[in-house]
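So Swiss-Prot has the following annotated:
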- 28-199: domain 'EngB-type G' (DOMAIN)
- 36-43, 63-67, 81-84, 148-151, 180-182: GTP binding site (BINDING)
- Ser43, Thr65: Mg(2+) binding site (BINDING)
Amino acid sequence: MSEEQILNTHNASILLSAANKSHYPQDDLPEIALAGRSNVGKSSFINTILGRKSLARTSSKPGKTQLLNFFNVDDKLRLVDVPGYGYAKVSKAERARWGKMIEEYLTTRQNLRAVVSLVDFRHESSQDDIQMYEFLKYYEIPVIIVATKADKVPRGRWNKHESMVKKSLNFDQTDAFIIFSSVERIGIDESWDTILEYL
């Protein structure tokens, strides 16, 4: 795989968790952030592209990621898992705190190169997904759309679902759109090829 010539994707570890910028790593390593609704499969995405079973903790209970989690990949790149949005069982105050933390990171972090915005391939994008996409476009932050859980959609319906998701997002055709499945290991190489374009 081309990405392995550039970085050893299996040489990865969780570096730290941060609540605000005073806790961020203090160097110039490039970062790719991962954003998406609770339970869209962010942890599974991280584990799958890094070839690890449980580096990022997966949970059947949405809303488990409450801090910015920084993952070091081969000392050349960091993946940053931000708290999942759209989880109803969190208090308004807690949701507001998460929102502020995410916004501060996305709008002020010099290391940030692009955001992988994960959406559920089975459904139209939620209002939260649309707001996140519009936010990233407004701030001119490069965005990669990764449509997860593709194994739950029959292949004969993929074109229809891709069109549905893109239409609901008002998708910019210049952005990358990757169909992904952790279960069937679909979209791993394409995800890395796209991420590496931003380093």
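For all residues, glycine too, the Cβ spot is worked out from N, Cα and C.
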Reduced to three states, what secondary structure does DSSP give Lys42 (GTP binding site)?
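SS state of Lys42 (GTP binding site) = helix.
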Can you work out the mean pLDDT of the predicted model over the domain 'EngB-type G' (28-199)?
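Reported value for the domain 'EngB-type G' (28-199) is a mean pLDDT of 90.
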Among all protein chains shown, how many Cβ atoms are found within 10 Å of the Cβ of Ser43 (Mg(2+) binding site), not counting that one?
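For Ser43 (Mg(2+) binding site), the count of other Cβ atoms within 10 Å is 22.
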Would you identify which of the binding-site residues Lys42, Lys149 has the most other C-beta atoms lying within 10 angstroms of its C-beta?
Lys42
Taking 10 A as the limit, how many CB atoms besides its own sit near the CB of Leu67 (GTP binding site)?
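For Leu67 (GTP binding site), the count of other Cβ atoms within 10 Å is 16.
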For the binding-site residues Gly36, Pro83, which one has its C-beta crowded by the most other C-beta atoms within 10 angstroms?
Gly36
